[in-house]
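Listed in TrEMBL:
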DOMAIN    4-442  domain 'K+ potassium transporter integral membrane'
TRANSMEM  36-59  transmembrane segment
TRANSMEM  80-101  transmembrane segment
TRANSMEM  107-128  transmembrane segment
TRANSMEM  135-154  transmembrane segment
TRANSMEM  160-183  transmembrane segment
TRANSMEM  195-218  transmembrane segment
TRANSMEM  238-258  transmembrane segment
TRANSMEM  298-318  transmembrane segment
TRANSMEM  330-350  transmembrane segment
TRANSMEM  356-378  transmembrane segment
TRANSMEM  385-406  transmembrane segment
TRANSMEM  412-432  transmembrane segment
DOMAIN    465-597  domain 'K+ potassium transporter C-terminal'
Amino acid sequence: MDKVIKALGAVFGDIGTSPIYTFTVLSLFVKPTKENIFGIVSLICWTLVIIVTIQYVFLAMNLSKRGEGGIIVLKEIVTSLIKSSRILIFITFLSYVGFSLMLGDSVITPAISILSAVEGLPLISIFSGLERIDLVAIAIIITTALFFFQKYGIEKVGQYFGYIMILWFFVLFISGLQGLSFYPEIIASINPEYAINFILNNGFASFLILSDIILAATGGEALYADMGHLGREPIVKAWNFVFIALLFNYLGQGAFFISHSNSKNIYFDLMNTDFGIFYSAILILTILATIIASQATISASFSLIYQGIITGILPMLRIVHTSTELKPQIYIPSVNWLLFITILVVLIIFQSSENLAAAYGFAVSGTMTITGILLTVIYFMKKSYLYLLLSIFVFCVDLSFFIANFSKIEHGAYITIIIACFILALILIYNYGKYRLSKALNLVDINEYIKEFKELYQKSSKVEGSAIFFVKDIHKIPPYIINTTLKQNIIYQKNIFLSIGSLEQPFGKIIYNYGVITDGLEAISIKVGYMEILKLEKLLREIGINEKVIFFGIEDIFSNNPLGKIFAFIKRNTPSFVQFYNLPIHKTHGVLTRIKI
């Protein structure tokens, strides 16, 4: 039960706060007739069933690596099933696009969540005179506080998030039940016939409406992405509770809108009608729920970036571990403040949840479509034909939402596209640069190196103690080691080649100790899961290494190629390997090698 409560706080914040703005946004484009409202409620209901329940709970959460989910996991599963290099390149590119889109949407989610919550303030008499600019200012203050406290971690307050969200979903359920009293017949809209008729009767206009219907399912991808933290079963159990609360709330909002067609903010008007004198308490709860949803998005962004760094698709950034107990609790200062500034700009530009909704949904529908493609490929390769048919159906639905969201590009979705394109360009340039760098390094085979080292070790005087030399591949020796040991004769009594790589799984550590490969020379390879927080200095002590000095290579890169110049700039302005792993500065020595790529 404890994990179910944690899941409510960590996983369902985004999708759980969608009722604040989804129906209000849809009401701007649809005449408040019985047929239209029944159609909208039916579309929302079946979007939650198809996208969240079938795609993520049933299909995606059936696939994992050591219990972990997410788009990177799907990519790894596809990689293990397909041998064609061309298809693998395409799948890898798709996963990079999905990765970039998910980060692109992380700008809109906190902005629309917090701003939509504070828009309920004017319904309180003492705040009735608040102007639009005042609401934006309040949203900015809340956002600033949220990002400021990231560096302290959320371990202490995070334990209460689940209980707050239990209360939140209970309030959604109760308000929905009370809302049903305005037009009980709306319960019939659960029948998918109403959704189909709405689409058939409204033609192309109904297709465009899909771009706002998807708002009800934003955050659905978190169920799969966070599976490794909490497990499949607690998330599925929590979803059963969340789905019922969401369904009844949307039904209640629909019934309320039929009888209050002049309502400008359906969620808050319904809450004000249902709870009356307790409305202020409900508003505070709403703001708390949106803060929790925003926190989940920020934490997910940190986690995604960390996965990208460990798997080598992103350059290294400074990482701060904010919890000694919880593995995924990390803080990335550069990402935190860049995200903060971008969200402030978005709040100032759009100024209302309705305007933000016009920008929201493109990236998440794109991510869902890519997930649909990966699921289809996996179940095709596994020859699981029932799952394959469902995957194809879900992919077609995803694609419909994604195409509909192209209409949002001119209304603000271009912001998430620009952010996603920037991230994708960074990934591609960084990996291109790494490839060119590996070609230019002129690595020496370990066996050739051993021949020269053996002779030198026997006849040279040796420095007392142990030295660690970092390498990317134990079998390929970089130029800086050649220069340090063979040319400058800096040889210690014990010289250890140490490589660190990532596993194709989220957690776990594998240590390959090659032992003594020749007199005075040892080799160790450490591989860690791409979500594992590696405390390298502690691990070195555990495996019996007490080094006197640590050597690592620094590449001074120059290039005539524009992409090469960008890569060189990235390398110069990101933390070194040693800084990333917080190794003791007094022991580390960087050896410079000038390289043209």
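Using the three backbone atoms N, Cα and C, a Cβ is placed for every residue, glycine included.
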For the transmembrane segment (298-318) and the transmembrane segment (238-258), does the number of C-beta pairs under 8 Å, pairs 6 or more apart in sequence, reach 3 or more?
no
So, does the transmembrane segment (36-59) come close enough to the transmembrane segment (238-258) to give 3+ Cβ pairs below 8 Å, pairs being at least 6 apart in sequence?
yes
Are there three or more C-beta pairs under 8 angstroms joining the transmembrane segment (135-154) and the transmembrane segment (356-378), sequence spacing 6 or more?
no
Long-range neighbours of the transmembrane segment (36-59), counting only residues six or more past its ends (CB under 8 A):
15, 22-23, 26, 30, 186, 188-195, 197-199, 201-202, 206, 209-210, 213-214, 216-217, 220-221, 223-224, 235-236, 239, 243, 246-247, 250-251, 254, 257-258, 368, 371-372, 375, 379, 387, 390-391, 393-394, 397-398, 401
Annotated stretches the transmembrane segment (80-101) and the transmembrane segment (135-154) touching (3 or more Cβ pairs under 8 Å):
no
As a test: from 195-218, 330-350, 412-432, pick the stretch that has the greatest number of Cβ pairs under 8 Å with the transmembrane segment (135-154).
330-350
State the residues, same chain only, that lie 6 or more residues beyond the ends of the transmembrane segment (195-218) and have a CB under 8 A from a CB inside it; answer 'none' if no residue qualifies.
14-15, 18-19, 21-22, 25-26, 29-30, 35-36, 38-40, 42-48, 51-52, 105, 109, 246, 250, 357, 360-361, 364-365, 368, 400-401, 404-405, 407-408
Averaged over the domain 'K+ potassium transporter C-terminal' (465-597), what pLDDT does the predicted model reach?
83
